[in-house]
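Q: This structure is in structure tokens; I'll ask about it shortly.
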Ligand SMILES: Cc1cc2nc3c(=O)[nH]c(=O)nc-3n(C[C@H](O)[C@H](O)[C@H](O)COP(=O)(O)O)c2cc1C
């Protein structure tokens with residue numbers, strides 16, 4: 001399975017084409033719209049999210065609620081487009097004044113503006129920021145929602161939550177089940193399980209906003225029900241943990257990734273890191289602990305997959321850092337685009353989507369490719385085999 005995305009932040013629409021999604025999967029627009037709405041929520045987001053109410057249109061690859069095996073085209077229109085038809089128009093402009101073009105010449109430190117302009121030779125950095133904007137993650141969430149449908153039909157559940165914002169850490173993480181984690185975090189404005197930390201996170205966001213600043217944080221994705229042995233140790237580009245790591249760091253503003261106890265492993269003895277193997281007739285092989293976050297040798301262990309991603313603070317600041325105007329080479333405060341002060345809660349939904357995609361893609365390629373019914377049968381056989389092994 002693979003997908004492409006296209007579209008500018010203030011262009012007419014965002015598009016994704018998904019190739020290789022198996023036939024026979026139940027798929028409705030509402031499955032995708034639920035996740036699009038989840039991405040738009042979250043304390044700390046700016047006015048753009050109030051303007052946009054994202055809804056998907058499925059334009060190909062689905063008939064009467066079932067996938068056909070052919071490419072699936074998903075589009076999400078930008079409601080704000082009507083205000084940008086000149087600035088972002090496809091046709092050459094008749095009125096070439098700067099006012100009409102909304103040219104950007106003062107790159108924001110931390111964003112793609114300057115490097116993108118140098119790379120593609122754009123003197124107007126709007127040509128860069130319109131695509132480097134995280135608006136693109138809308139259709140990555142749409143793709144992830146399709147992946148989550150595949151996983152759901154295989155009895156695999158995916159959840160995400162926020163474990164840190166602006167230095168405030170969630171301490172209470174003792175959820176009894178993934179369902180409980182989902183129920184609590186869906187009600188939280190910062191998608192946090194710990195109510196004490198939630199309050200402090202909101203305060204930290206308010207404080208950053210007041211100062212014209214931004215803050216980042218850490219999100220966690222948990223996936224339960226993946227059978228052991230998905231991915232591979234035999235070649236570097238088939239290691240599933242590596243693919244997930246790349247997917248996480250490909251999210252705008254994500255700078256780090258860890259599995260299970262992650263970087264903490266560097267500070268412990270091996271005996272305090274590796275998970276002891278146990279066996280019972282009912283469950284087959286499991287681990288006493290899950291410090292490695294569900295991976296050994298690039299393959300799933302059958303334990304929950306636990307992956308965390310670090311999001312840096314958003315680069316656009318209402319009290320901007322200094323930059324250089326590329327026209328005059330004079331120092332200037334960086335440009336201000338309409339912006340969030342914290343998008344960590346929304347980013348956790350994006351992380352959930354990209355992780356779901358990688359896992360679904362690995363399962364589809366390993367267990368049958370073309371048909372949902374055969375994939376489901378093969379996954380079940382694998383579960384049984386692993387138990388009796
Ligand atoms: C959900 C989400 C929302 C974001 N919103 C903004 C924003 O409003 N303003 C901004 O400057 N950056 C925002 N970002 C981050 C930038 O898109 C990102 O920093 C930029 O593309 C440069 O890429 P890099 O940080 O990965 O190097 C957001 C990221 C995510 C995941």
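The backbone N, Cα and C atoms fix where each Cβ goes, glycine too.
Residues or ranges marked as NADP(+) binding site by TrEMBL: 39, 45. Marked as FMN binding site by TrEMBL: 131, 132, 133, 252, 253, 297, 312, 313, 314, 315, 316, 338.
For each feature listed, report its degree of burial, its nearest neighbours and the pertinent distances within the displayed model.
A: Sequence-distant contacts (6 or more apart, same chain, Cβ under 8 Å) of residue 39 (NADP(+) binding site) comprise 54, 137, 138, 141, 346, 349, 350. According to its DSSP assignment, residue 39 (NADP(+) binding site) is helical.
Cβ neighbour count for residue 133 (FMN binding site) (all protein chains, 10 Å cutoff from its Cβ): 20.
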Q: Report the binding-site residues (39, 45, 131, 314, 316) that meet this criterion: Cβ distance to the nearest atom of ligand 1 under 6 Å. Use sequence order and write none if nothing qualifies.
A: 314, 316
Q: Using a Cβ-Cβ cut-off under 8 angstroms and a sequence gap of six or more, which residues of the chain neighbour residue 312 (FMN binding site)?
A: 110, 216, 253, 254, 255
Q: Can you tell me how many other Cβ atoms are located within 10 Å of the Cβ belonging to residue 314 (FMN binding site)?
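A: The answer is 26 other Cβ atoms.
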Q: If I restrict to non-local contacts, at least six residues apart, and a C-beta distance under 8 angstroms, what lies near residue 316 (FMN binding site) in its own chain?
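A: In sequence order, the residues whose Cβ lies under 8 Å from that of residue 316 (FMN binding site) (at least 6 apart) are 108, 111, 214, 334, 336, 337, 339.
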Q: At the level of the C-alpha atoms, what whole-angstrom distance separates residue 314 (FMN binding site) and residue 45 (NADP(+) binding site)?
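A: Rounded to a whole number, the Cα-Cα distance is 11 Å.
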Q: Could you tell me the C-alpha distance between residue 131 (FMN binding site) and residue 45 (NADP(+) binding site) in angstrom, no decimals?
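A: Rounded to the nearest whole number, the Cα-Cα distance is 19 Å.
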Q: Write down the Cα-Cα distance for residue 133 (FMN binding site) and residue 45 (NADP(+) binding site), rounded and given in Å.
A: 14
